[in-house]
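Trainee: One structure coming up, written as C-alpha cells, with questions to follow.
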Amino acid sequence: MEYRVKSTALLDIKSNIIIGLYENGELSPSAQKIDEISQGYLSKLIQSGEIKGKLGQVLVLRHVPNYSAERVFVVGAGKKGEINEKQFKQLIQDTINAVKATSAKEVISYLSDIKIKDRDLYWNIRFSVETLETSIYQFEQFKSKKSEQDVALTDVIFSAEGDVAQQAVNHAKAIALGVRAAKDVANCPPNVCNPVYLAEQANALATRSDLIKTTVLGEKDMADLGMNAYLAVSQGSVNEAQLSLIEYRNHPNPDAKPIVLVGKGLTFDAGGISLKPAEGMDEMKYDMGGAASVYGVMNAIAELKLPLNVIGVLAGCENLPDGNAYRPGDILTTMKGLTVEVLNTDAEGRLVLCDTLTYVERFEPELVIDVATLTGACVVALGAHNSGLISTDDKLAKDLELAAAQSTDKAWRLPLGEEYQEQLKSNFADLANIGGRWGGAITAGAFLSNFTDKYRWAHLDIAGTAWLQGANKGATGRPVPLLVQFLINQATGK
C-alpha cells in the first residue's frame, strides 16, 4: 500500500473520496462542500434516514449530482468532539472494509476533518495508516494455498497540508514496518525460528542499513564470559543459544551513550524439566515476543534514521526437557557473580535476561529497557490490554508511560520495593529464581533489578500483549509502537 499527503481540491477529484458525517446529522467541512456542490444531496439522505452518522456506518455513493468523483464514501463519525482513539481506529477499520469491497484503486481521505478527542492532525493521519496496515497484514508463508485477496486498493492519499501530515505518514509507515517485522518473526514456527534463525534476521538487517552493525555471540563466547545462567537454560536443546547484538549508531555525537533494548528470545519454551501443560503449549513459540519486538524496533528506527545510538539485543535460546537439561535444585553462578537456586525451570526467562543485563554494562548505556513475555502472573493482573511496566527510575517510567499513552500501546506501572526481594531469598544461594505464588510479575521484575545497578532500567512484561488467542490468533507486534514512540521522543527531546 502506498500512502501520500496531497492538498487536493474537492472539485478536482475523479477517483474516490472519503468524507465524515456526525451522528446529529452535522456535516464535516469536506462533506458540507460536497453537499453544496450536489445541491443538498447529502442533506436529503440524512433527512430520509438513509445515513445517520452512527460511528462506523459507511454509505457508498455513486453518481453524486454535479460531482465527478467515482465514489463517495460517507463515514459515520459518531458524536462530534467525543470520538476517542479506539473509536477512530474502529472507524478507519470499518471504512477500509467498505473500500476493499469495491474495485477502488485509489482513495482520497478527508477524514482529517474528524477531530479525535485531545489529538491533532498528526495523530489522525498516523492512526489511519497504522490501522490500515494492521488490517491488511497476513502471515501465510507456510500455507500451500494462499488466501485469494481480490483487493484493488493500492493508493491512499490524505488531503492535508504541511510537514506535520507528511511526518505522520513517515512515522506510521516506519512503525508499521517494525510491527510487521516483529509479527513475521514471532509467527514463524519454532522448527524454523530457532536461536540461529533469530541471529540470521539480525544479520540480514545489517545488510539493509548502513547505520547498523550486527555481532552474534555463540555458546562458547558466552561460556568464556561466565554467562552460566543463560547457558543453563539452553542445555536441554540441540539448537545453540545465540546472543545477537544489533548496533544502530546515528547520533551527531558518535560517543553519545546508547539506549539499550534487551529482548527475551525463547524461540520455544516447553518449561524444561518443570514441563508446561500440553494444552496451549504451541503458543510458547511466542516466548520470543520480546526479541521479536526489539528486532521490529530496530527495523523501524533504521527506516526513520533517528539521531540516536541504540543497541538492540536478541537473547535467543530454547528451554526443553532432556537428559542434559538443567534441574530444579540446581545452583547457577551468574555473570554478575550472584548465585541463583533454580526452584522452577519454567522461570527461565529471568535467567537468560539476568546475564544479558549484566553483559550490556560494557556499553555504558544511557538506559536499558528489557522486553519479555516473562510471567503468566502479569496476564492475570493486567489481561491482554496493558503491558506490565516495572522500573527503578521514576523519570524513565514516566517517559515510557507517556509513549504508551501517545501510541495507544498501553502499559501499566507495577510497584517495586524491598519487600518483594524478601520473597526471593534462598537458604542455599543468593537468590531463588521464583518468589512464591503472590505478586509473580513483580517478583520477576525484582529478580531482574538485582542485575541493573549500573544504569537506569525499566522492564516491560508483555506476556499478555505479545499475541492474540482465538479466531485472531497471532502475534500483535506490541510493544513496537510504544518503544518507537519512546525513541522518537528521546530523539526530539520531548
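Think of each number as a place in line: the chain as shown, counted from 1.
Just so it is clear, glycine is given a Cβ too, placed from its N, Cα and C backbone atoms.
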Trainee: Look at the Mn(2+) 2 binding annotation in Swiss-Prot, where LYS264, ASP269, GLU348 are given, and name the residue from ASP282, ASP287, ASP330 listed for that site too.
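Mentor: Within the candidate list, Swiss-Prot flags ASP287.
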Trainee: For the Mn(2+) 2 site (LYS264, ASP269, ASP287, GLU348), what does the 8 A shell look like? I mean other same-chain residues with CB within 8 A of the CB centroid.
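Mentor: Going along the sequence, the neighbours come out as VAL233, GLY265, LEU266, MET284, MET288, CYS317, ASN319, GLY349, VAL352, ALA372, THR373.
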Trainee: Looking only at DSSP and grouping its letters into three states, which state does ARG350 (active site) belong to?
Mentor: helix
Trainee: Looking at the recorded positions LYS264, LYS276, ARG350, which one has the fewest other Cβ atoms within 10 Å of its own Cβ?
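Mentor: Comparing Cβ neighbours within 10 Å for the recorded positions LYS264, LYS276, ARG350, LYS276 has the fewest.
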Trainee: Using the recorded Mn(2+) 1 site (ASP269, ASP346, GLU348) as reference, state which further residues of the same chain have their Cβ within 8 Å of the centre of those residues' Cβ atoms, listed in sequence order.
Mentor: VAL233, LEU266, ALA270, GLY271, GLY272, SER274, LYS276, ASP287, ASN319, THR345, ALA347, GLY349
Trainee: What subset of the binding-site residues ASP269, ASP287, ASP346, GLU348 lies within 10 angstroms of LYS276 (active site) at the C-alpha level?
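Mentor: Near LYS276 (active site), where near means Cα within 10 Å, the binding-site residues are ASP269, ASP346.
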